[in-house]
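Single-structure report; data block below.
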Amino acid sequence: MSNCLVWFHNDLRLFDNPALSLASKSDKKVIPVFIWSPGEANDWHLGGAAKWWLNYSLEALSLDLRKIGSELIIKKGETENVISELVEKYEITEIFMNRRFEPKIVERDNKIIKNINVEVTVSNGNLLFNPEDIKTGQGKNYTVFTPFWKNCKLQKEPRAPLKKPTELNTPESWPMSLPIKDLNLLPRIKWDSNIKRTWKPGEKSAKKTLKKFLVNNGSNYGKNRNIPGIKGTSRLSPHLRFGEISPHFIWHESKKYQSKGVEHFVREVGWREFSYHLLNNFPFLTNKPLRPEFENFPWSPNKEYLESWKKGMTGYPIVDAGMRELWNTGWMHNRVRMIVASFLVKHLLLDWKEGADWFWDTLVDADLANNTSGWQWTAGCGADAAPYFRVFNPILQGKRFDSTGDYVRKWVPEIGELPNEKIHTPWEVSEDELRNYGVILGKTYPGPIVDHVEARNIALEAFDKLMAEKRKVP
């Protein structure tokens, strides 16, 4: 009986894992392997928060494999060399893997598949639909979500989840494996205590999180998903990012809890699908806008503004709350992600790539497809993007979606004594009244770093000029 490799990437689960399922049904002895090679992702090697998640996700996967009598082999180095060495030394006759979509990783994987002298079976384990299967009537790629998702729902229903293997044929001898700690994924300076209290990575936790959401919050998702002060969303994004749960499982489990709210939730899974299709079809999106005219937009670099935004010290409470939630937990509510992104791009006139870089480093769910499409959507330069003239008003957004001030009070406690009607505009409160609430603008909490109306007008003028230049081009 020959040996085969199951090459784990961002599919760190046993249940509904096509690559693992095929390997378990083969007549081969199975060697599961994870290879840490961060430099091969080019500029998009994992940030600090995502590395933290990966560490504990690998620990969970390793434990789950041991429960069925197997091992997770951890390797570090240039991927092609590591695989070639394993193939030669352990007489590997087939490699099973799930497909990736990040441009540089796709290039690497295709090169390995071409050069390696064994059969490679590639499955789609992380998307509901193959990108090449979803095209317009003219055979073109979609750049608008609604017709894209409509087409998806006309396709054959996504397959049922695959069962978890109960056992794997094991090799006569195991390759040497590094301890996970030797990958140095955890921070040397212990900034991760709040993140550790907030999250529990791993497949078991992912399934539990989905079940809890569908039972307790699914039916109200459409109503509650935009309110950051309550637990109205699934918080599955990091589990999906690392493949601890599959979209197929989410799709079929959600069908058991039919409601308008759950339909909204599944539609959000559709947006993830759309982001991956965009990345697959337009691989330049990580560094260039989909709309080429935006390459000439006159961004205004400003280190002080950028630092104030990163630290949650802009003087706009809903923006600052979001940025502090991100720093403390490695996650931010989706509505607030849109607010803080719009503020960076359209109030501060900072390049959307600055925001994408910061999110990439600080989010536990840092996902190249979602991150890229989200930032381009906000900036107005991507697919199905928010119109360039749509500038999120951080004051009105705060009053509408955090009307009780609960979210701001949690993350910006220095203004927490302010009443609900004043907590989103502390600069409008007199100095004497602020002092009664323990607030001194400029000392205990900053005043606004830009004026909303003035910043909005400057942004609109710049966008209008860009659009006018575009119209001149024949």
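Backbone N, Cα and C atoms are what each Cβ position is placed from, and that goes for glycine too.
Remember, TrEMBL labels are computer predictions, not curated facts.
These come from TrEMBL:
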type	residues	note
DOMAIN	2-128	domain 'Photolyase/cryptochrome alpha/beta'
BINDING	Tyr221, Thr233, Ser234, Arg235, Leu236, Ser237, Phe265, Asp365, Ala366, Asp367	FAD binding site
SITE	Trp299	site 'Electron transfer via tryptophanyl radical'
SITE	Trp352	site 'Electron transfer via tryptophanyl radical'
SITE	Trp375	site 'Electron transfer via tryptophanyl radical'
Cβ-Cβ distance under 8 Å to Tyr221 (FAD binding site), same chain, at least six residues away: Gly232, Thr233, Ser234, Gly261, Val262, His264, Phe265
Residue among recorded sites Trp299, Trp352, Trp375 with Cα closest to the Cα of Leu236 (FAD binding site): Trp375
Among Trp352, Ala366, Trp375, which are recorded as recorded positions, the nearest neighbour of Trp299 (site 'Electron transfer via tryptophanyl radical') by Cα: Trp352
Per DSSP, three-state class assigned to Trp375 (site 'Electron transfer via tryptophanyl radical'): helix
DSSP helix/strand/coil residue counts for the domain 'Photolyase/cryptochrome alpha/beta' (2-128): 59 helix, 30 strand, 38 coil
Around the Cβ of Ala366 (FAD binding site), the count of other Cβ atoms that are within 10 Å: 24
List of residues, in chain order, with Cβ under 8 A from that of Trp352 (site 'Electron transfer via tryptophanyl radical') and at least 6 apart: Ala341, Leu344, Val345, Trp375, Gln376, Thr378, Ala379, Cys381
Neighbour-count leader, CB within 10 A, recorded positions: Leu236, Trp299, Trp375: Trp375
Whole-number mean of pLDDT values that fall within the domain 'Photolyase/cryptochrome alpha/beta' (2-128): 96
Diameter of the FAD binding set by C-alpha atoms, the set being Tyr221, Thr233, Ser234, Arg235, Leu236, Ser237, Phe265, Asp365, Ala366, Asp367, in angstrom: 23
